[in-house]
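Shown next, in structure tokens, is the structure this report addresses.
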Amino acid sequence: MSEKITVPMIRARKQGPKISMVTAYDASMAQIVDRAGVDMILVGDSVATTVQGHEDTLSVTLDQMVYHAAAVNRARPHCLVVVDLPWLSYHISPEETVRNAGRLVQEGHADAVKLEGGRKRLSVIKALVNAEIPVVGHLGLTPQSVLTMGGFRVQGRDLQAAKDLIADAQAIAQAGVFAIVLEGIPDSLAALITQSVNVPTIGIGAGAQCDGQVLVYHDVLGLNLGHLAKFVREFAQLAHTATEALQAFHQEVQAGSFPTDKESYHFDKTVLQALQQEQEPVLDE
Ligand SMILES: Nc1nc(=O)c2c([nH]1)NC[C@@H]1CN(c3ccc(C(=O)N[C@@H](CCC(=O)O)C(=O)O)cc3)CN21
Ligand SMILES: CC(C)C(=O)C(=O)O
Ligand SMILES: [Mg+2]
């Protein structure tokens, strides 16, 4: 029905309806997100915490991100598909960064990539843009900085940190990112950044004045049984629903009421009779 969403269409949403973005890590999730009419899918490195069971996002590899991106794109979503560059895939050199992002595009069919950090990432952002790979920035509470931040801590709360984040946003916008994720910063700082750059901002724990909002699939749907950040709103309770359904399956298997006749395959009666005559009774008597 609706056409594929493109990078220029997202850039143009700076003026226009707010942008929605949700993570997905496989074809089934991508199909569900796409059918909901969400604008952008993020194949997030949050796959490390939500799917792989890690405490943080540092352990997910480029090979694994390629695998998840390819699975998402097999659903042929209309959403723009942005794929996270994992930790260490863009920290060594611009050359290695382009090679790694190129794999997300060629093998994972990414429409764009996302990387964390401000002015210290200018050279790799420029190298990606020069290679015709669209880039989304990510500032504030950058989860790949968990070791240096000393945990997942709200960023930009003091004057100097706030000024640094504004300068970072302006610099990466100038370098060519087509959107910026703002995570875990005061709402008024996110509003100031949103006003001071010409590309859309997509907030997560950054207040209502961003040009869009992003949440993790498991968080939006109530599938996250662990710690919930303050910024999460659960729009459904799917873990609860899933547990009830699996309990019902377990009980019906034990009771012998699953499967029924209608859920089973059957012989032609004549074949059954002939087969029964040929069989030695085994369990009788
Ligand atoms: N399910 C899930 N949702 C996410 O949003 C998410 C992940 N996983 N994994 C990767 C990162 C980690 N993220 C996190 C994790 C924890 C907080 C958190 O607990 N924040 C504190 C803030 C404390 C402060 O005030 O400094 C909070 O209480 O909200 C925030 C972002 C965001 N990302
Ligand atoms: C939380 C979002 C912005 C993200 O980077 C991820 O899911 O990996
Ligand atoms: Mg991420």
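The backbone N, Cα and C atoms fix where each Cβ goes, and this holds for glycine too.
Heads up, TrEMBL stuff is auto-annotated, nobody curated it.
TrEMBL lists ASP45, ASP84 as Mg(2+)-binding residues, and of the candidates GLU3, GLU107, GLU116 the one it assigns to that same site is GLU116. Summary of the 3-methyl-2-oxobutanoate site environment: with the site residues ASP45, SER46, ASP84, LYS114 set aside, the chain residues having Cβ atoms within 8 Å of the Cβ mean position are THR23, LEU42, VAL43, GLY44, VAL47, THR57, MET65, VAL83, LEU85, PRO86, HIS138. Neighbour density for ASP45 (3-methyl-2-oxobutanoate binding site): within 10 A of its CB lie 28 other CB atoms from the protein chains shown.
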